[in-house]
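*Asks:* Below are the structure tokens for one structure; questions will follow.
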Amino acid sequence: MTPSQRVSAVFAEQFEQQPDLLVRAPGRVNLIGEHTDYNDGFVLPCAIDYETCVAIGLRDDSLVHVIAADYGNQRDLFDLDQPIGHHADQRWSDYIRGVVKYLQERGYPLRGLNLVVSGNVPQGAGLSSSASLEVAIGQAFKEALGLAITQAEIALNGQQAENQFVGCNCGIMDQMISASGKQDHALLLDCRSLETRLIPMPTDLAVLIVNSNVRRGLVDSEYNTRRQQCEAAARHYGVKALRDLDLAALEAGKAGLDEVCYRRARHVVGDNSRTLAAADALAQGDLVRLGELMADSHAAMRDDFEITVPAIDGLVEIIKARIGTEGGVRMTGGGFGGCVVALLHPDKVAEVIAAVDAEYPARFGLKADSYVCRASAGAGKL
């Protein structure tokens, strides 16, 4: 059952009426540009065809009644006329409450809704299931109540909910691509200006995401450490963010900078440059150049930023050996596990998945999950 079918069925069963409308918001995979977003840099994600769906029913009061179809129909009920606080014990509720709270604070006129939520974005895999949920809820209120809110504002509102209400640091990339993606395109995003450029994906290119199923135990604490190291490096160079440096300036001014902070900065500055080059290579269908840039990005994440783990590096090796030079593969997401993303010719997908299924468990004692994706449209009404 798809998420849209599921929310429709659960809505009819639980509220004893049909929903007034449905909305969706996709997950995403970042093709290149890792840990660059909070450094005011560049990223190149695409939305994927895994998504969060919301079935919506209008109410004539100020209550928001939410049912989480994926959590045994757990419920949350809160009143728009009362201060919106945290839920006592349902973490999923806080993503929704945060989105609604900040929509209110931005001055949008809200009223009560019945909502049923379901999604198939793999959780904990670095494919932005949380951003997909935040954007889907923002989209639900926009479509149901006719709010004059832009897709960029829905994204910023979702990011604020995650940073300030849920308490997880994140850049703007995940919400922005979920809100504003376009089918068969990647999105080059300038995380400082929020300017975007749609990059057409070659029609003969498959997007393969492979989840290592490595438990990402360190990711939150290490993410915050990397962020602090990047900020320390920016202070050393006297710039607002690492976005403002190129490799020559980085090298010229490194005297007195802690060696670890220098290597962290070298990855970020390099990945900004690689991301801009990758957008051009993708637009030109130059899979050889794209593969080189993805390989360089992965090596920098492994050696300079130190966010990969042996199983991830092994997955990249297994896949790269099958892809050859026509396409690329790298870890994607925050690090310490999660997924790798590969861009390759469609006729190689089956061979790559077979190699992963045979070699990865033998080397690392883990089974990987593979998802063949298509670059998909951003959030909207179904």
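Think of each number as a place in line: the chain as shown, counted from 1.
In case you wondered, yes, glycine gets a Cβ from its N, Cα and C as well.
From Swiss-Prot, here are the annotated features:
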| type | residues | note |
| --- | --- | --- |
| ACT_SITE | Asp174 | active site, proton acceptor |
| BINDING | Glu34, His35, Thr36, Asp37, Tyr223 | substrate binding site |
| BINDING | Gly124, Ala125, Gly126, Leu127, Ser128, Ser129, Ser130 | ATP binding site |
| BINDING | Ser130, Glu162 | Mg(2+) binding site |
| SITE | Arg28 | site 'Transition state stabilizer' |
*Asks:* Per residue, counting other C-beta atoms within 10 angstroms of the C-beta, which of the binding-site residues Ala125, Leu127 reaches the highest number?
*Replies:* Leu127
*Asks:* Can you tell me how many other Cβ atoms are located within 10 Å of the Cβ belonging to Gly124 (ATP binding site)?
*Replies:* 14
*Asks:* Could you tell me which of these recorded positions, Glu34, Asp37, Glu162, Asp174, has the greatest number of Cβ atoms within 10 Å of its own Cβ?
*Replies:* Asp174
*Asks:* Among the binding-site residues Ser129, Ser130, which residue has its Cβ surrounded by the fewest other Cβ atoms within 10 Å?
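*Replies:* Taking Ser129, Ser130 as the binding-site residues, the minimal 10 Å Cβ count falls on Ser129.
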*Asks:* Could you check the recorded positions Arg28, His35 and say which one's CB has the fewest neighbouring CB atoms inside 10 Å?
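*Replies:* Counting other Cβ atoms within 10 Å of each of the recorded positions Arg28, His35, the minimum falls on His35.
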*Asks:* Just give me the nearest neighbour of Ser129 (ATP binding site) among the binding-site residues His35, Thr36, Glu162, Tyr223, Cα to Cα.
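*Replies:* Going through His35, Thr36, Glu162, Tyr223 one by one, the Cα closest to that of Ser129 (ATP binding site) is Glu162.
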*Asks:* Note the Cβ centroid of Gly124, Ala125, Gly126, Leu127, Ser128, Ser129, Ser130, the recorded ATP site, then list each other residue of that chain whose Cβ lies within 8 Å of it, in sequence.
*Replies:* Gly27, Val121, Pro122, Gln123, Gly333, Gly338
*Asks:* As a test of the contact definition, list every same-chain residue at least 6 positions from Ser128 (ATP binding site) whose Cβ is closer than 8 Å to its Cβ.
*Replies:* Gly27, Arg28, Val121, Asp174, Ile177, Ser178
*Asks:* Rounded to a whole angstrom, what is the C-alpha distance between Glu162 (Mg(2+) binding site) and Ala125 (ATP binding site)?
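*Replies:* With distance taken Cα to Cα, Ala125 (ATP binding site) is 17 Å from Glu162 (Mg(2+) binding site).
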